[in-house]
Amino acid sequence: MMAAATFKCQSTGLHGLPVDASAPRSSTNFGRFFSMRFACNTRCNKLRHVHASISHASLVDPTPFSISHDSSTESALILIRHGESFWNEKNLFTGCCDVPLTVRGVEEAIEAGKRISHIPVDMIFTSALIRAQMTAMLVMTQHLQKKIPIIIHNESEQSTTWTQVYSEETTKQSIPVITAWELNERMYGELQGLNKQETAERYGKEKVHKWRRSFDIPPPKGESLEMCSQRAVAYFKDFVEPQLKSGKNVMVAAHGNSLRSIIMYLERLTSQEVISLELSTGVPLLYIYTEGKYTSRGSPVGPTEDGVYAYTQSLAVHRQQLDEMSP
């Protein structure tokens, strides 16, 4: 099993939101304190419901692969909604509650890993919630680069200082994982933990439907999709997009509403279009970033199928090099 890092969360308040949300952050000053342990979301009228398809990829032992980080090069962006959680299974409003994956959720994450195993990944961003972090770690167990995802801690100056004990070679063999509460699921307030059917019976189907499917109407003491979008997209612009612009290939493991918000930004969806966007658990979506534009490539269906990963020249070259390493 692939090694992963311990999760050391920023001080949080109710529903996983930070106590001091105004604290400044820096996209270039990530602390590199590595604390190890084992641990184990095609456009059609701009609207789509993504479904998983089953595929399998054989594993190889690749030699180190050098990826150009020239500012003019294209970058891969992988978005993935976490696998099924225990509260998804029970049809409960989960929101910012920290709930782990089910057995099915683990299987979905592993399958997602097989589907993107040939796509280079240089950096991973996840929410502060365990179901997204578990998904990211499980996805990377299937990746052909065989690098270890390690959560980066930037809580203090001391965290940064402690990274000096790690060698340059160790750093080369790892993939940094940045966690952020801004990528958390939409906070459902008083609805969190309640059964969705029972909630409709208590508050009325029409009212609950407005809370769930409107863009700017929040549930009691909760967030609207608009509010979730403001924090998720702001974080994406400030921290994820600069990495893509620098030529790095990025995976974002997050949640239905935070990812819908990001896709709204990437594909310039309207507030009416985004509320109809559905993302299945554990299904990766691929975008290519080049010259300030994002091109949707849908969901990869398997590295063994002809042309699946030859979306662009650099990804085609990357796949060819990995395939040549196969016995």
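Cβ from N, Cα, C; glycine included.
Remember, predicted model here, so these are calculated numbers, not experimental data.
Database features (TrEMBL):
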- 81-88, 94-95, ARG131, 185-188, LYS196, 212-213, 256-257: substrate binding site (BINDING)
- HIS82: active site, tele-phosphohistidine intermediate (ACT_SITE)
- GLU185: active site, proton donor/acceptor (ACT_SITE)
- HIS255: site 'Transition state stabilizer' (SITE)
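Features as recorded by TrEMBL, highlighted on the structure.
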residue	record	Cβ within 10 Å
ARG81	substrate binding site	29
HIS82	active site, tele-phosphohistidine intermediate	34
GLU84	substrate binding site	22
TRP87	substrate binding site	19
GLY95	substrate binding site	25
GLU185	active site, proton donor/acceptor	30
ARG186	substrate binding site	28
LYS196	substrate binding site	13
HIS255	site 'Transition state stabilizer'	28
GLY256	substrate binding site	20
Cα distance (Å, whole number) from GLU185 (active site, proton donor/acceptor) to GLU84 (substrate binding site):
14
Do me a favour and check the Cα-Cα span between TRP87 (substrate binding site) and HIS255 (site 'Transition state stabilizer'); whole Å is fine.
13
Rounded Cα-Cα span from HIS255 (site 'Transition state stabilizer') to ARG81 (substrate binding site), Å:
5
Express the distance between the Cα positions of GLY95 (substrate binding site) and GLU185 (active site, proton donor/acceptor) as a whole number of Å.
5
For TRP87 (substrate binding site), just give me the three-state DSSP call.
helix
If you measure from the Cα of the residue listed as 'active site, tele-phosphohistidine intermediate', which of the recorded positions GLU185, ARG186, LYS196, HIS255, GLY256 is the nearest?
HIS255
In whole Å, how far is GLU185 (active site, proton donor/acceptor) from LYS196 (substrate binding site) when you measure between their Cα atoms?
16
Between the Cα atoms of GLU185 (active site, proton donor/acceptor) and HIS255 (site 'Transition state stabilizer'), what distance do you get, rounded to the nearest Å?
5
Give me the Cα-Cα distance between HIS255 (site 'Transition state stabilizer') and ARG186 (substrate binding site), rounded to a whole Å.
8
What three-state class does DSSP give ARG186 (substrate binding site)?
coil
For ARG81 (substrate binding site), which of the three DSSP-derived states applies: helix, strand, or coil?
strand
